[in-house]
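Sequence annotations record features per position, and here TrEMBL assigns active site, proton acceptor to His210. The feature NAD(+) binding site is assigned by TrEMBL to Gln193, Asn194, Val195, Asp196, Gly325, Ser326, Ser327, Asn351, Ile352, Gly353, Leu369. Marked as Zn(2+) binding site by TrEMBL: Cys218, Cys221, Cys285, Cys288. For 89-388, the entry in TrEMBL reads domain 'Deacetylase sirtuin-type'.
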Amino acid sequence: MFSPMCLRFPWLSPPFISPSTSRSVVLRSLLTGHKFRQLFSSRRRIKFSQGSIKFLQTSCRISVPGVPVRESQPPSNFLKDKKVVPQADPPSAEDVNHLYQLIDQSTKLVVLTGAGISTECGIPDYRSPNGAYSSGFKPITHQEFVRSIRARRRYWARSYAGWRQFTAAQPGAAHVALASLEQAGRINFMITQNVDRLHHRAGSNPLELHGTVYSVICLDCGFSFCRNLFQDEVKALNPKWAAAIESLDYGNAGSDKSFGMKQRPDGDIEIDEKFWEEDFHIPTCHKCNGVLKPDVVFFGDNVPKERADKAMEVARECDAFLVLGSSVMTMSAFRLVRAAHEAGASTAIVNIGKTRADEFVSLKVNARLGEILPRVLNTGSLSIPALH
């Protein structure tokens, strides 16, 4: 999600800070005061017609009225350095064909996206080979957040520090491709496990299964408001602390400017506890003075019933269910794929690495979404207007 950080204090010069003063002292002083399987369901099958696929080599950009056209951007140095996106071979023509046919022959396609679509935009995930879990990181649980003021202070301090770079992430080629398909009527319903709202910025409006960090909610009275307002309140309560955080700049991984800080999923950044344990103050609810929490489903919590019921309804009624960039390890996602499969829909997954549903899905492709989805749009005829 972010590159490691470095400190720059251009306004400080001797005699305030001497050349021998260590960066850690300065910081502390400021912060203190994939593979196809032919297993299609016998109840409702998508038949692939041989010889029906045409490859169109075109230099035009795919677009849909109302969906902003964005130039594809190469990965940043941060992505190269941190290897946020797991390694994967380019998708084969066969992979592209199979995915195209599934989309083209479906009339009620449901798409579920996961963290894999956002890693290509620089946002780390938890479960991929390069994810946070691989380094022993454990995310905060709902129970921990609720019962411990220290845990809340730790969460909000780290989240505040990571917010600027988290919100700087831009939608990737996969987000734009999905928005194009959606606006052209090729996707019936979209669900996302992500909390980053990159889909929204690309032009989509998916059901946010796990909520979003762009809203803050009171655990006591349910009052909800914009995250940016919360950021402003944190700054007002902790002016010196916030000023020091905002003076941080971003260096290369492993550089002497990283200070051991590590970027984590969902806007989190790892900061030594000495910088938040004692002097960091958290805003409370405007209406009842209650505990404020990001409006997301933390580990150990449940997806709100109305939201879960809607996702299950569309999964059971679709004729094809496509998972993009998710290991479907969480039960909230796995049960949707399983429900669609059991209802007779054709199921497919595009994800780098194994998933919990590999054994029963009809199609599995191991590829980066930003590489395969744009190619699908240029395959056959999906009736998507092209910008000349």
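Just so you know, the numbers here start at 1 and follow the chain as drawn.
Any Cβ shown, glycine's included, is placed from N, Cα and C.
Within 8 Å of the Cβ centroid of the Zn(2+) site, not counting the listed residues Cys218, Cys221, Cys285, Cys288, the chain contributes Leu219, Asp220, Gly222, Phe223, Thr284, His286, Lys287, Asn289, Gly290, Leu292. Long-range Cβ proximity for Cys285 (Zn(2+) binding site), meaning a same-chain Cβ under 8 A and a gap of 6 or more residues, is found for Cys218, Asp220, Cys221, Phe223, Val291, Leu292.
In this structure, the CA atom of Leu369 (NAD(+) binding site) is 21 Å away from the CA atom of His210 (active site, proton acceptor). Note: the Cα of Val195 (NAD(+) binding site) and the Cα of His210 (active site, proton acceptor) are spaced 7 Å from each other.
Of the listed binding-site residues, namely Val195, Leu369, the sparsest CB environment within 10 A is found at Val195.
If you take every residue in the domain 'Deacetylase sirtuin-type' (89-388) and average the pLDDT, you get 85. Distance from the CA of Cys288 (Zn(2+) binding site) to the CA of Ile352 (NAD(+) binding site) is 45 Å.
Around Cys218 (Zn(2+) binding site), a 10 Å sphere centred on its CB holds 20 further CB atoms from the protein chains shown. Put simply, His210 (active site, proton acceptor) is 15 Å from Gly325 (NAD(+) binding site) when counted between their Cα atoms. It is 15 Å from the Cα atom of Ser327 (NAD(+) binding site) to that of His210 (active site, proton acceptor).
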